[in-house]
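According to Swiss-Prot, the protein carries these features:
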| type | residues | note |
| --- | --- | --- |
| COMPBIAS | 674-693 | compositional bias 'Basic and acidic residues' |
| COMPBIAS | 751-760 | compositional bias 'Basic and acidic residues' |
| COMPBIAS | 775-792 | compositional bias 'Low complexity' |
| COMPBIAS | 798-813 | compositional bias 'Polar residues' |
| COMPBIAS | 945-955 | compositional bias 'Polar residues' |
| COMPBIAS | 967-976 | compositional bias 'Polar residues' |
| CARBOHYD | 35 | N-linked glycosylation site |
| CARBOHYD | 242 | N-linked glycosylation site |
| CARBOHYD | 257 | N-linked glycosylation site |
| CARBOHYD | 286 | N-linked glycosylation site |
| CARBOHYD | 295 | N-linked glycosylation site |
| CARBOHYD | 306 | N-linked glycosylation site |
| CARBOHYD | 493 | N-linked glycosylation site |
| CARBOHYD | 529 | N-linked glycosylation site |
| CARBOHYD | 585 | N-linked glycosylation site |
| TOPO_DOM | 1-57 | topological domain 'Extracellular' |
| TOPO_DOM | 79-159 | topological domain 'Cytoplasmic' |
| TOPO_DOM | 181-332 | topological domain 'Extracellular' |
| TOPO_DOM | 354-440 | topological domain 'Cytoplasmic' |
| TOPO_DOM | 462-641 | topological domain 'Extracellular' |
| TOPO_DOM | 663-983 | topological domain 'Cytoplasmic' |
| TRANSMEM | 58-78 | transmembrane segment |
| TRANSMEM | 160-180 | transmembrane segment |
| TRANSMEM | 333-353 | transmembrane segment |
| TRANSMEM | 441-461 | transmembrane segment |
| TRANSMEM | 642-662 | transmembrane segment |
């Protein structure tokens with residue numbers, strides 16, 4: 001096997017997909033070319049570059065988005081401070097104007113007696129006049145009623161007495177006369193009856209005696225006795241027939257009936273006694289009271305009052321509140337200034353760090369690009385350069401260079417979330433870049449800082465408001481209490497003075513009425529009492545003179561006292577009450593007549609209190625003086641909060657738009673990926689069908705098909721016949737950084753079409769076989785050939801013990817330029833490509849690990865392991881790239897196979913020489929073909945070695961030679977060579 005230095009690339013992937021490179025700045029181990037332009041070039045650069053350098057960036061670093069946000073918030077805070085000053089001035093003016101209005105209101109309240117006195121005096125005068133007129137009318141009606149009642153009573157009782165006495169006397173007399181006559185007749189009849197009764201009784205007694213004596217005679221007649229009955233003589237009694245009543249009784253009654261009085265004289269005298277005083281009294285009352293008028297001008301009128309108290313207002317709490325609000329804004333500005341200084345320092349440090357990262361990223365990107373471009377040009381792969389200079393790659397490079405922190409955060413974020421695909425990482429990076437755009441950050445920083453400042457100001461204002469509200473409220477509460485007391489004193493003094501004067505006038509009028517008008521009532525009632533007494537006395541005298549000495553005198557006196565005496569006593573009591581209450585008693589004016597009640601005072605002084613104190617709310621504010629200041633300041637803060645909240649809302653909208661864009665991109669790429677997979681699957685099926693057709697249609701196609709169908713399976717058991725233990729893998733350089741995702745597609749791999757995958761026994765072999773290739777089946781047991789080292793330093797020579805086989809391998813006349821793959825890594829027919837400058841090799845992965853990673857199985861110990869495990873082949877390093885250290889170097893090497901020789905359990909794809917005409921000698925038959933042995937024919941070239949000796953591996957026969965120098969022959973490049981990657 002010989003080294004072929006025309007391909008440098010990463011090992012191929014077993015997945016059928018395009019290999020995506022990681023961000024360019026991760027390639028941090030490749031140094032730039034010495035001939036390229038560098039920032040540290042010894043040539044003196046111009047003073048001003050077309051881009052901003054470190055000094056310019058450090059100069060502009062303080063002017064950052066957070067600083068602008070802080071300045072905006074500071075401007076709003078300064079505006080709030082000015083607003084607080086204006087609010088304090090406005091509050092003072094409002095307080096003074098409210099105090100002036102309160103003085104006017106208090107003066108008006110204190111002058112209420114002056115305004116109330118005029119109307120009160122008129123009303124008092126009218127009430128007194130109406131009272132007097134009403135009293136006169138009542139007295140007139142009362143006197144008339146009493147007069148008529150007395151007259152009616154007198155007439156009634158007079159007629160009653162006359163009729164009753166006539167009825168009584170005349171009826172009694174008639175009864176007596178009739179009674180006398182009946183008594184006389186009764187007495188006469190009685191006497192006659194008595195006479196007859198007596199006579200009949202005596203006759204009966206005589207009869208009884210005769211009967212009794214006869215009975216006795218009958219009894220005693222037996223004895224012969226005989227008694228004579230006694231006999232009583234019957235008297236005549238003639239005197240009883242002439243008994244009668246005396247005639248004087250009847251004569252006296254008849255005489256009394258003829259002499260009864262008529263009481264006409266008593267009636268006339270009583271009428272004269274009743275009508276005369278009543279008529280006189282009514283005439284006097286009407287003449288005096290009917291024309292009575294009370295003059296209201298005699299009542300006093302209090303003077304107007306002027307109340308002043310504004311000079312007692314203490315506005316120092318307002319000044320203290322204004323100073324406190326200014327201090328809040330001042331300390332807020334100081335805090336913002338300190339934060340701004342910190343932000344400026346952080347901005348300077350950030351710009352310096354970003355500059356360093358950007359410079360390093362540019363250097364690493366340039367070095368990597370130059371190295372990859374040289375490799376691509378050496379392989380003739382211009383498409384690789386085009387991929388590097390694509391707009392997407394350049395934009396990614398600029399973004400990563402300008403925003404290293406965003407890229408760092410994006411990578412860490414993806415790493416923690418387990419995001420491994422490149423497109424998902426790109427979407428995360430795009431979202432962070434979208435959210436970290438200066439416009440978005442300006443909205444976010446300004447909104448957050450503004451809300452924090454508004455919140456802090458609101459907390460401080462609330463804490464200050466409770467203290468100063470209580471202070472100013474206490475001061476104004478004392479002032480309002482003084483105002484209330486002052487108004488109360490003024491109104492009380494005015495009311496007392498007014499009531500005293502008014503009562504004096506009212507009492508004077510009352511005395512005049514009682515002395516000049518109602519004294520006649522006293523006279524009239526006394527006269528009426530005398531009249532009634534005279535009437536009763538006259539009636540008694542009349543009855544005494546009439547019935548004196550008769551049995552009717554006492555009953556009539558009792559009757560008159562019962563019927564008339566009680567009524568007269570009641571009338572006398574009424575007249576006595578009138579006499580005792582016949583006077584005017586006007587109500588005097590109270591001392592608080594012009595004073596307001598407590599609820600009226602509160603209603604009048606409420607505007608004054610509210611103008612000073614305002615209506616308090618639960619948060620310490622209100623519409624008072626302090627409440628006005630606090631409310632204006634809080635209203636200003638509320639407007640700022642709305643502004644800053646709107647800015648945060650704008651950032652939230654930006655976030656939502658970014659998430660929607662990422663979601664849309666994810667769904668769209670997933671749909672596109674599914675479509676690509678479908679198309680690739682269809683294309684792969686078609687290619688496989690075409691491959692099978694080509695393999696069957698070409699020369700010897702049937703034999704190839706049969707050979708492929710009967711080819712033994714690849715497994716690790718073919719290496720078990722060798723007991724050589726594997727050589728340990730060389731240690732890796734601890735300073736080297738491996739990033740497989742950062743490797744670009746190989747030039748050889750990217751220049752040929754997509755490989756075709758043919759699945760064979762669970763191992764995928766990407767390859768392209770020329771239709772002229774033909775293999776024959778082999779029935780020999782397949783074993784790997786041990787790898788031996790040769791001493792020939794020439795890498796273009798091949799050592800073999802069987803000259804027929806080596807001659808056969810060197811005299812192949814057919815030469816193809818098709819790129820074909822063998823096994824599972826990028827292999828092609830060696831076509832004598834131009835060499836490329838060598839890269840410094842670095843042991844990265846051992847043969848066993850590499851084999852396990854490529855083929856999915858472990859490598860058994862074999863003779864080839866001991867020589868292959870430590871083999872590092874490298875081309876000679878050119879002088880112009882001697883100082884370039886390449887990490888993870890890969891080199892293409894060449895495998896020379898003879899026709900129909902074994903290789904990893906299968907036959908070589910190299911067809912027999914065309915000159916043999918398809919006939920096979922016994923040496924080349926399946927039963928006689930020797931195994932191929934891979935030997936080393938050169939030394940290892942290190943990255944800094946000046947030795948030009950190189951190593952070459954070649955297949956030899958199964959029979960080993962004794963140790964020592966072996967004959968070698970010059971390797972002839974032929975179509976029977978397969979190039980593959982080794983590292």
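Cβ atoms are placed via backbone N, Cα and C, with glycine included.
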In the compositional bias 'Basic and acidic residues' (674-693), how many residues does DSSP assign to helix, to strand and to coil?
20 helix, 0 strand, 0 coil
Report, as numbers and ranges, which residues of the same chain sit near the transmembrane segment (58-78): CB under 8 Å and 6 or more residues beyond its ends.
52, 329, 332-333, 336-337, 339-340, 343-344, 347-348, 350-352, 438, 441-442, 445-446, 449-450, 453, 457, 640, 643
Counting only residues 6+ away from its ends, which parts of the chain sit with a Cβ under 8 Å from the transmembrane segment (333-353)?
54, 57-58, 60-62, 64, 66-67, 70-71, 73-74, 77-78, 453
Surrounding CB atoms that lie within 10 Å of the CB of residue 286 (N-linked glycosylation site), all protein chains:
14
Tell me the residue counts in helix, strand and coil for the topological domain 'Cytoplasmic' (79-159), as DSSP assigns them.
80 helix, 0 strand, 1 coil
Rounded Cα separation (Å) that holds between residue 295 (N-linked glycosylation site) and residue 529 (N-linked glycosylation site):
38
Determine, using Cα-Cα distances only, which of these glycosylation sites is closest to residue 493 (N-linked glycosylation site): 286, 306, 529.
306
Between residue 306 (N-linked glycosylation site) and residue 286 (N-linked glycosylation site), find the distance joining the two CA atoms and give it rounded to the nearest Å.
49
Report the mean pLDDT of the predicted model across the topological domain 'Cytoplasmic' (663-983), rounded to a whole number.
45
If I take the alpha carbons of residue 585 (N-linked glycosylation site) and residue 286 (N-linked glycosylation site), what is the distance between them in whole Å?
19
Below 8 Å Cβ to Cβ and six or more residues apart, same chain only. Which residues does that give for residue 529 (N-linked glycosylation site)?
572, 575, 576
Please give me the CB contact count at 10 A for residue 493 (N-linked glycosylation site), counting all chains in the structure.
16
